[in-house]
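Undergrad: Here's a structure for you.
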Amino acid sequence: MCLQNLLSILCFVLAISFGYVSAQKCVDSMFFRPNGTYDTNRHLILSNLASNVSSRDGYYNGSVGEGPDRIYALGLCIPGTDPKVCDDCMQIASTGILQNCPNQTDSYDWRSQKTLCFVRYSNSSFFNKMDLEPTMVIGDLNSGLFQGDLAAYTRTWEEFMNSMITRVGRTRYLADISPRIGSARIYALMQCIRGISSMECETCIRDNVRMYQSCCNGFIGGTIRKPVCFFRWDGSEYLGAFGDTPSLPPPSPDGKTISTGAIVAVVVSVVIFVVLLALVLVIRKRRQSYKTLKPKTDDDMTSPQSLQFDFMTLEAATDKFSRNNKLGKGGFGEVYKGMLPNETEVAVKRLSSNSGQGTQEFKNEVVIVAKLQHKNLVRLLGFCLERDEQILVYEFVPNKSLNYFLFGNKQKHLLDPTKKSQLDWKRRYNIIGGITRGLLYLHQDSRLTIIHRDIKASNILLDADMNPKIADFGMARNFRVDQTEDNTRRVVGTFGYMPPEYVTHGQFSTKSDVYSFGVLILEIVCGKKNSSFYKIDDSGGNLVTHVWRLWNNDSPLDLIDPAIEESCDNDKVIRCIHIGLLCVQETPVDRPEMSTIFQMLTNSSITLPVPRPPGFFFRNRSNLDPLTYGSELGQSSSKSIPYTIDSASITRVTPR
């Protein structure tokens, strides 16, 4: 027994000693080149992490850079921390990681410095990832072993910790005080990062508790830290985490219970507090009700005050929504150029009153876009819900849409050769790459898995440098982390860009966006709309069929837009056509993920698989059976045979 205790003490002291040498955990599995792009990005994101965390209620995650030089970082402070104290703690933790982990691609630190804060960075996204290793055990050398009835202490310790474990998952944070053990108490704090589930939080904390029981049983204080959770226990208060926790009175010497008067006083105080709290909440709700939509489901919008614009400001910015400021028609409404009082140019999207499902699309767009931050996505600046108006305010993107440059002015039926000539092969290739990065962010790197469901040329805006920005999230759907596909009774989007499983069965997933992106790649290469190919040959009339024929005839270069013939790289063009055909394969499982597409575009040494036949491939118009074809598109057999997917009609939704 003595030997076992001695080994436990030795184990704990060694762990503590190591912990005091370095509070940071530098993961030594991968390294980066000092002073390179990754190192620059690391300094950039960590130097701004403290201000981002302290200004965002104590929690922030984000990324900087592209490709292999991209770095992800997360920071948090425990709830209720003063912003200045949080900022100081984050500064110390960030600086410590930079100094003590000179070239590791993954490091983390739980810092106890007046408060508890956490910093982690990595070369791969970890925001929703359950990481239980590596572990740090750090303790208080001065606390020592519990002096008293060790069996009673251990029993109380285990019961108390198990009780906390069952509660911590709901909020990811818990600080509590145990019942008395003689004159002693246990002060325990548990914290998980927000990205993991409640069950994962409980699992991580439980693993820390087991580690204490196996190596450090009986010690009064210490901490056990993992990349996604933190556990500390001690014999006295710390970090100001227990200031609001009421202290229980010591047991009465004569063993009598608390007096009736004391109980009545406590009950009356609690009742008064609850009544006052209810009154405050009712008054606040009434004051703010005119600014928010009445919630109907759990998915309805919750709107931060900083995003709200008043109607008069937007009316003045757009000169009362004058025709001269009209930029065009977007999904479910008209878009106007505006100038805010601070001289910021904006695009103001005014939802039309007869837009059918517009209200839901409006809320959908606000909820989703407000959470997204990526250079290849149009940034949402705010919204307005006054006077029965529903308005979205976006950053202004000066060069209109990709559709305008590739296919011309739809209203005037004109194609300006000077506009098309601005899209040389280098720019088109960069546009394909930018859209890839934007979709990769939506599908994989954002906090939610988001499916756009309406990827097409008119929803790709071009900034002043002709960089693409994905726009119009009215059709978008967000998925849980563990969800891979869904279905809908109402098929929405643009025909010609929809995959077969969506058109016929209403099933959609990230592979739906991949299919649409494949069609868009082929349009960018050839400079023609998908719907313009029904006159070219005897096929059923779409771009996918035309490209598949050229591919099988070993003549893919016949697809190239004459405007880029002299400037294009034939190898890259063929590779893009190949990737486009992989994206439009009939079976979703055959289509590559956006992460794979990104690798295919950036690494020419990757061998591409042979594409399978695409969806909506028609051999000859005369072979089409009206009944079969109509039913495949989800139409009544009484409908006439559509020659293009763009002209098909499944619902009364007007293609945008």
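Glycine residues also receive a Cβ, built from the backbone N, Cα and C atoms like all the rest.
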Undergrad: Among Asn35, Asn342, which is the one flagged in Swiss-Prot as N-linked glycosylation site?
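TA: Annotation hit in Swiss-Prot: Asn35.
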Undergrad: Here are some residues: Asn123, Asn399. Which is flagged as N-linked glycosylation site in Swiss-Prot?
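TA: Checked Swiss-Prot: the N-linked glycosylation site annotation sits on Asn123.
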Undergrad: Indicate whether Asn52 (N-linked glycosylation site) is helix, strand or coil by DSSP.
TA: helix
Undergrad: Closest of the recorded positions to Asn123 (N-linked glycosylation site), Cα to Cα, picking from Asn35, Asn52, Lys329, Gly333, Ser458?
TA: Asn35
Undergrad: Of the binding-site residues Leu327, Lys329, Gly333, Val335, which one has its Cα closest to the Cα of Ser458 (phosphoserine)?
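TA: Comparing Cα positions, the closest of these binding-site residues turns out to be Lys329.
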Undergrad: So if I draw a 10 Å sphere around the Cβ of Asn61 (N-linked glycosylation site), how many other Cβ atoms end up inside it?
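TA: The answer is 22 other Cβ atoms.
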Undergrad: Given the model, what does the mean pLDDT over the topological domain 'Cytoplasmic' (284-656) come out as?
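TA: PLDDT averaged over the stretch: 74.
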Undergrad: Between Asn103 (N-linked glycosylation site) and Asp454 (active site, proton acceptor), what is the CA-CA distance rounded to a whole number of Å?
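TA: Counting only the Cα atoms, the answer is 42 Å.
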Undergrad: Pick from Asn52, Asn103, Ser458: which of these recorded positions has the biggest number of other Cβ atoms within 10 Å of its Cβ?
TA: Ser458
